[in-house]
Amino acid sequence: MNGTARPPRPTPRNTPRASPMSAPDQPAPTGLSALRQRIDDIDAEVHRLLIARSEIIDQLISVKRTGEPGAAFRPAREASMMHALVERHRGHLPLVTVEHVWREVISTFTWLQAPYTVHVATGDAAETRDMARFYFGFTVPFETVAEPADAVAAVARSTSDLAVVRLGEADTAWWAALSADGAAPRVIGRLPFIAVADRPVAIPAVVVSPPLKDPVKPEVAVFACRGPADASAHAWLRKRGVEVIAWHAPWGHHTGAVGAELVIAVPLDDQDESTAAEATAERARDAGIILADLRPVGGYAAPIEARPQRP
Ligand SMILES: O=C(O)C(=O)C[C@]1(C(=O)O)C=C[C@@H](O)C=C1
């Protein structure tokens with residue numbers, strides 16, 4: 001992870017400062033105009049490359065047959081692109097800035113292939129919407145619904161929409177309609193995807209979508225189940241790599257009771273989903289923690305722990 005401090009900025013060395021009050025018709029110092037020319041050249045190149053990237057969209061639609069109903073999202077491809085981005089990144093520009101630029105680009109490219117709407121619940125904190133905007137940008141339409149379950153229901157009615165739902169303790173088991181089978185909505189992503197200590201908004205959330213074409217086995221499987229709501233049981237599971245990502249405890253937090261509805265995230269490594277589910281329930285049972293009725297509701301690529309930024 002990055003440290004809390006932002007990377008130090010370069011100290012200006014005898015660089016003439018432009019006064020924000022200077023009149024635009026005054027000739028800029030030679031050094032400054034040269035720097036601005038360089039910025040203009042770089043901007044033109046970045047823009048030219050973005051247009052060139054967008055010219056691939058029609059071919060993507062025909063190769064992926066995205067014209068047929070269904071979304072163009074390919075979460076595993078996006079995850080590998082983010083790994084490459086983290087690997088390439090260096091210098092003073094915060095990683096989170098670059099991530100946001102690419103998120104805007106990728107989610108717009110996805111939308112240009114197959115339009116979709118992102119559903120966010122007002123019952124979730126306002127930061128959830130910020131998180132969703134960070135990841136899906138401002139070109140893709142957003143729709144606000146009352147509750148997380150409404151956002152999931154909107155996805156169920158669509159062929160390509162998404163919901164972004166905040167994780168943690170929930171007032172209702174909004175995941176009841178999720179399933180990794182059939183046409184049901186499922187979890188396809190985990191946010192934030194790149195763990196950076198100084199991220200401005202870091203609300204833990206999942207992305208829910210209809211079933212996608214060309215599914216790839218996720219690195220982390222997500223199961224709905226019944227189990228305990230108490231923090232010590234969750235901490236025990238966490239130490240063993242099993243994360244309780246959401247829970248609804250209608251009857252309070254009874255230690256050891258199967259009184260809560262849970263959503264758990266289990267790294268798959270080389271296992272298939274059902275083996276991972278059985279192994280997880282068995283290990284928990286040995287420690288007196290009952291995880292009952294595990295059913296797969298999706299999965300995601302493991303979020304990236306970014307290393308400190310290289311100069
Ligand atoms: O690689 C694809 O399948 C694409 O559609 C391209 C692209 C992108 O813009 O890079 C867009 C959407 C996918 O989720 C992944 C990547």
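Quick reminder: no glycine exception, Cβ is built from N, Cα and C everywhere.
TrEMBL: automatically predicted annotations, no manual curation.
Quick look at what TrEMBL annotates:
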- 1-31: region 'Disordered' (REGION)
- 26-117: domain 'Chorismate mutase' (DOMAIN)
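When averaged over the domain 'Chorismate mutase' (26-117), pLDDT in the model lands at 92. Residue counts for the domain 'Chorismate mutase' (26-117) by DSSP state, with H, G and I taken as helix and E and B as strand, are 66 helix, 0 strand, 26 coil.
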